[in-house]
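As written in TrEMBL, here are the features:
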| type | residues | note |
| --- | --- | --- |
| TRANSMEM | 12-29 | transmembrane segment |
| TRANSMEM | 71-92 | transmembrane segment |
| TRANSMEM | 112-132 | transmembrane segment |
| DOMAIN | 159-271 | domain 'CAAX prenyl protease 2/Lysostaphin resistance protein A-like' |
| TRANSMEM | 230-252 | transmembrane segment |
| TRANSMEM | 258-278 | transmembrane segment |
| TRANSMEM | 290-308 | transmembrane segment |
Amino acid sequence: MQDVVLSPTTAHLLGLAFASMYVGSIYVSKEARLVFSAPPTIANPTDKPRERLKGENERWRDDPDVIKARLAAVSIATVLCVAVVCWITRSVPAAVPLLGLRPSFPTSLSSLQRIVAPHLVTPLLFLGPLYAELLSFSPRNRWRGTFSTRTKLLFSNVTGLRNYVVAPITEEIVFRACVLSVYLLSPVLALNQVGLVLTTPLNFGLAHLHHAWDTYNRLGRTAAALKHSILVSLFQMMYTTLFGALCTYLFLQTHYSIYVPITAHIFCNIMGFPDFLGDLRLGEGEGRRSVVIAAYLCGVIGFAYSVMPMGRWWWAFSEI
């Protein structure tokens, strides 16, 4: 592995190639492609765009057949990306640790803490939503917590399998393990790990822009639908890029462990984007509004401290 050296240009091109392979895979098969045949909706320009009814011969993103075809496509693309890294490093044993696929097993209590602790960094940020989840997960609220509801979805249909299993695992292997592995093989780029955290997640963010076409068509292909789809996709690109930066940071700080970004990705997909105002209303109804605010503040402060140099002592393996 040490004999393989890539130029920065080659590393950048390979990173883009991996992202293109992953996203492009869902458009190769006819079964995985979306089909929209309904004419544009006639609506008042001031009306808020709403999802229209699905046409008889249309194929939408959440159709079970489309999901199954796309799960197969991205799984194959992921295997091919890993195979490319193995080919570049000239051996599987050299590629496995670079990709972060080598599992760690505890041999003592301290080693167990070293393995488990990195998986708690992301949940720490969600301390506020987790507390609100605890309030909602009660007989008074009919056990309707977000976490419990989405966990049930995981075992009930193929949508849960996509959102909480296959997508997080394959995306992290491709956009973190494979992309970062080729960057780490370029000495110029590998020495600037702060640069890796800030730049490589752009591949991940840009890979979500194609959802704009789906949103635009489902909302009726109006001017308002176009504006809404662009804004939603830009917002999605922004927060997925930020999340990608976090996962990249975790990958590097754990000395190349892909399992920590994977659990962070699964956890965030289950929790969803924090609903601070909704959690405040829930806390007020339970007489715990101030506790919800305190939990949010403790989570943000605790997370910020943990990712700073003075706070990484309890979970990180290496230094950036």
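For all residues, glycine too, the Cβ spot is worked out from N, Cα and C.
Unlike curated entries, TrEMBL annotations are predicted automatically.
Remember, predicted model here, so these are calculated numbers, not experimental data.
Spatially, the transmembrane segment (258-278) is adjacent to the transmembrane segment (112-132); three or more Cβ-Cβ distances between them are under 8 Å for residues at least 6 apart in sequence. By the Cβ criterion (under 8 Å, sequence separation of 6 or more), the transmembrane segment (290-308) is in contact with the transmembrane segment (112-132), since 3+ such pairs are found.
With helix defined as DSSP H, G or I and strand as E or B, the domain 'CAAX prenyl protease 2/Lysostaphin resistance protein A-like' (159-271) counts 95 helix, 0 strand, 18 coil.
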